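These notes concern the structure reproduced below.
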Amino acid sequence: MGRWIGGGVLMGALAAVMASATAGGPTGVACCDDANGRRVCGNPLPAECYGRKYWLVDDSGMIRKVIDPAAERAQRQEASGAGALSPQEQGLRRKQERLLQAFPTLQAFDAWRDAQLADYDRQIAQIRALLAEGTDPDALVPTLQRLLDERRTAAERLAAERRELEEALRAQQQGR
């Protein structure tokens, strides 16, 4: 009777394996060496294997693929060139790329900059015209001062962006 139960258990396990293999799910297992050097295998990937080098083994016991997350991460950083750049340099590079996408030439940037500053100039001229007409200065002077400060800040920011665009265009011409 013990033999029959053992056979039944074996048949049940075999049926479970066959059902999982035919269910369309991934077959095979993933194996890695854990922190203690013991081989750990499972399907799906065991938690001990996260961030470690592991092997995908098919149902016949053949290693089909070796995955090394550290090597893949190093390849991605090398390919992007971001591995050698500090966070500030990465931010500057992203900003330069955005400027190059928006403004392919300095003339395009200059036209946009002039339009931005002309909008401030138009508003400032309107307020000065109202002051010349005798409108209450207490209501308009703070607004005029705010617009003058905003225009000065915008002009400084736009001048810095133009310098960054010049750098990006030079780097692009040098093939960087």
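Including glycine, each Cβ sits where the backbone N, Cα and C put it.
What TrEMBL says about a protein is an automatic prediction, not a curated fact.
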Query: Can you say which of 80-111, 144-175 is given as coiled coil in TrEMBL?
result: 144-175
Statement: Here the mean pLDDT of the coiled coil (144-175) is 91
